[in-house]
Amino acid sequence: MLALPVLMLSINNSALHLVLPTLSADLAATGPQLLWIVDVHGFATAALLITMGSLGDRIGHRRLLLAGTAVFGTATLLAAFAPNAEVLILTRALVGAAGATLMPTTLALLRTMFQAPEQRAAAISWWVTGFIAGNVLGPVAGGLLMELAGWRSVFLLGVPVLAPLLVTGPFLLPEQRDRSGGRPDFTSSLLSAAAVVLFVYGLKELSTGAQRLVPALAILGGLVVGYAFVRRQRRSPQPMLDLSLLGDRAFTAPLLAVTLMVFTTAGTTLLLAQHLQGVLGLPPLQAAIWLLPSTVAGIALSASSSVFTRRFRPAVLLTAGLVIAAVGTGLLAVADGPAAPVLLVIGMIVLRIGAVPVMTASTSAIIDAVPAERAGSATALKETCGELGIALGVTVLGSVGTAVYRGALGDAVPSAVGAEAAEAARGGIGAAVELAARLPRAEGVELLDRAREAWTEALHISTAIGAVVLVGTALLVWSAAPREVAGTSR
């Protein structure tokens, strides 16, 4: 039952990109409005995760989960019938805010409901499976619904999943809260939300390359506000976030592992999706199909990952997963020539196989490191680090890829096309492909060949950096693990 909310959340997010072209025309949405429709959900979720985790600890995780689920369902209904882009943006923000209640509360309830480590490991593996499965079901079910009933029906995908939880949750789920937690700290909530939003917004804007000053100021502002939040937590007798957890290696090692795992996965997936379409010439649907085997492998492994979680200690699983993921990322870094498509698919499968034990073992270790009444805050911090890892991965690896591509492309863009078109082609493989199609055949073929070679080099260097990051993280996690955790088995 506790996998249903994350399944619903994953379905809702993964299906959105399918409907963007259609809803854009129907609602007459501008380019900036489309970006906000996509991004506002993530901003709201990231901003409120720590607050909702702490709130669940104080008022009860079951109460917050059921309330958040009801708001989530109501907001998705409103989104489905949004009359214009402005209303859709507001409802998407509400969906994101409600989504921030789902992950920390479900994980905290898992901590309460499953006291035996073996049972808890199995429950966490199914929780992760639900999240991964939603990424597969969302686009497939969304595509079918859009064909049958239009784009608005796609926003209703998660609603049927809500009913069993809302009906049976009050009777089947236990309540758990920290009775000594005191009143909510609204100042800390505001500081944490502002710090995360400013930092993530700055990273997202920096990754576009359109400007530098505003994103840099946003990131700086996020760091300053974050420092104020940390100072307040250290001085508070009842902090919203227990910073002493960061001094516990059993907590910080999995937190570091999951953050940098997501960092590499997010940046790699971004570059690879463009590579499949721009270099291999695959249409979007076929590109998604090429990535499907890795997702299926992730689902299969996560469903059975509790076997490994019961047998091996967290440090072993985290280190092994990071090394395996590094091997997969390394395969992407050497994929070239006629065998490149096969190596890309195999590399993504290996990367996903490595990522699953990192996700499951880190979640188990973080939950086990705190008492049940503080599990909401701890898991909220994990999810927040995941959001930051995604933003950092897209920004850092994406920027490296763009810089390498621009340098490798050089002066291959004909000067006659105009400065604006030439600059766009130097900014990414997609724009170069579009420009090549408009040029005379000889010039277009030459530009396309050079652009594809340049993007391949960009993918190789960026994924090589990702592999190095994963290996370095594996060494840090293993060396930081307490000696009793660094054993080979339980």
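The backbone N, Cα and C atoms fix where each Cβ goes, and this holds for glycine too.
Noted in TrEMBL for the protein shown:
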DOMAIN    1-485  domain 'Major facilitator superfamily (MFS) profile'
TRANSMEM  64-83  transmembrane segment
TRANSMEM  89-110  transmembrane segment
TRANSMEM  122-142  transmembrane segment
TRANSMEM  154-173  transmembrane segment
TRANSMEM  185-203  transmembrane segment
TRANSMEM  209-230  transmembrane segment
TRANSMEM  251-273  transmembrane segment
TRANSMEM  285-303  transmembrane segment
TRANSMEM  315-335  transmembrane segment
TRANSMEM  341-367  transmembrane segment
TRANSMEM  388-408  transmembrane segment
TRANSMEM  458-481  transmembrane segment
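Of the candidate ranges 251-273, 285-303, 315-335, 388-408, 458-481, 285-303 contributes the most Cβ pairs within a distance under 8 Å of the transmembrane segment (122-142). The largest share of C-beta pairs under 8 angstroms with the transmembrane segment (251-273) comes from 388-408, of the ranges 154-173, 388-408, 458-481. Counting residues 6+ beyond its ends, the transmembrane segment (64-83) has Cβ neighbours under 8 Å at 5, 8-9, 12, 27, 52, 55-56, 91-92, 94-95, 97-102, 105-106, 109, 152-153, 155-156, 158-159, 162, 165-166, 169-170, 173 in the same chain. Note on the domain 'Major facilitator superfamily (MFS) profile' (1-485): its mean pLDDT in the predicted model is 84. In this chain, the transmembrane segment (388-408) lies apart from the transmembrane segment (341-367): fewer than three C-beta pairs between them fall below 8 angstroms, excluding pairs fewer than 6 positions apart. Sequence-distant residue pairs (6 or more apart) of the transmembrane segment (341-367) and the transmembrane segment (154-173) include fewer than 3 whose Cβ atoms are under 8 Å, leaving the two stretches without contact.
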